[in-house]
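Worksheet: the structure to be examined is printed underneath.
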């Protein structure tokens, strides 16, 4: 009976980690595609230039693949060391995510102020050599969200040292339309506009976060249950 239970958990954990590993492959693939086709797309921070969507996806995909691989091998080989390693790695990631979420809610105001200050600093890199990712990201955000600047369209005046904004700020896009009067530009601040959009989609973000947490808890449960079963089987055989 115990042997049958161990075999059932073994194959369930193997399938679970195989899907986990395949998910990591997909995330890594998207990250590499973004890096190759879009440069450092969505790099808005001047303080953390490597913190781009492409790099985040590549790092996340690589970690998920490694954890999934360790889990797969640990399950199929019934290896206590690998099962325990999988459990510890997944537990560390889960606790880190939990800590980040708690710190985010505790220091929301400070994070808000720092983010706005850093984004305004990053505006000065717009259109400069080697910053195509930042330039593309701002152009897409301002066009899609119909906004201009971080807290106001006047943020761009400091960048250009004149009354001018990027063409992506224009109500009707045309070449050099950013040189026209303010009446032809979007007035909404991008930071607040994106923040409101995220708040409106908070349910979707919450469901995604909850699903991620449940998958991790399921993985932790599988790993520890199988580890205990393998220890019991070794003790019984001894």
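Glycine too: its Cβ is placed from the backbone N, Cα and C atoms.
As written in TrEMBL, here are the features:
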DISULFID  148-169  disulfide bond
TRANSMEM  12-36  transmembrane segment
TRANSMEM  56-76  transmembrane segment
TRANSMEM  83-107  transmembrane segment
TRANSMEM  202-223  transmembrane segment
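Just so you know, the Cβ of residue 148 (disulfide bond) picks up 28 other Cβ atoms within 10 Å once every protein chain is counted. The 10 Å shell around the Cβ of residue 169 (disulfide bond) contains 26 further Cβ atoms across the protein chains shown.
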